[in-house]
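Copied from Swiss-Prot, the annotated features are:
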- Asp71: active site, proton acceptor (ACT_SITE)
- Arg14: site 'Important for substrate specificity' (SITE)
- Thr72: site 'Important for substrate specificity' (SITE)
- Gln156: site 'Important for substrate specificity' (SITE)
Amino acid sequence: MKNSSIVLASASPRRSELLESAGIQFRVVPADINEEPLPGEEPVDHVQRLAEGKARAAAELAEGRFFLGADTIVLCDGEIMGKPKDAVDAERMLKKLSGVPHEVVTGFAIYDRERKGAVVEAVRTKVFFKHLRDEEIRDYVATGCPFDKAGAYAIQGGAAHMVRKIEGSYTNVVGLPLCEVVDALRVIGALGN
């Protein structure tokens, strides 16, 4: 699965690690775009729009043929949770997630410069948190881990003990639905098979 024409439009170390774990060769060219939701925008439309925007923005910055963009949010009781603004926001998010199921939604887009088109998908995973004590939340926030993660937690890190179960893709919760991304890369010819 080697192909140097794949560009990851993300600075996320977790997304890089996931692609590396699949044996995919790629370069990283982070793309910075406005991530504010549009008025009335549905969550799935939001992450898909941002993913495609990041992929196309990276194509303006770098050589290559295939540009992979992604965006992840957490949905809980109708609230779209991105990355927390500060410790108070992180604690608020974790208190809201405590003891209730929520969804992690990742949109990804693979922009093909040669064909001037993109494959855009979204994957949803249901996550069930245990009830969290205030002390647990404060201790976790104090580690600094929540600040660059949607919903203020990392399932693969210090928040693993908070999760009772998931329904769907584990790698989606980490930040990139690897099965679906690899399948899409293969279908559009980015992996050469």
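Keep in mind that glycine also has a Cβ here, set from the backbone N, Cα and C atoms.
These figures come from a predicted structure and were not determined experimentally.
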Nonlocal neighbours by CB distance (under 8 Å) for Arg14 (site 'Important for substrate specificity'), same chain, sequence gap 6 or more: Ala154, Gln156, Val174, Gly175, Leu176
Collapsed DSSP category at Thr72 (site 'Important for substrate specificity'): strand
Those residues of the chain, 6+ apart, with a Cβ under 8 Å from that of Thr72 (site 'Important for substrate specificity'): Val47, Val104, Val105, Thr106, Gly107, Ala150, Asn172, Gly175
DSSP three-state assignment for Arg14 (site 'Important for substrate specificity'): helix
Cβ packing number for the residue listed as 'active site, proton acceptor', 10 Å threshold: 25
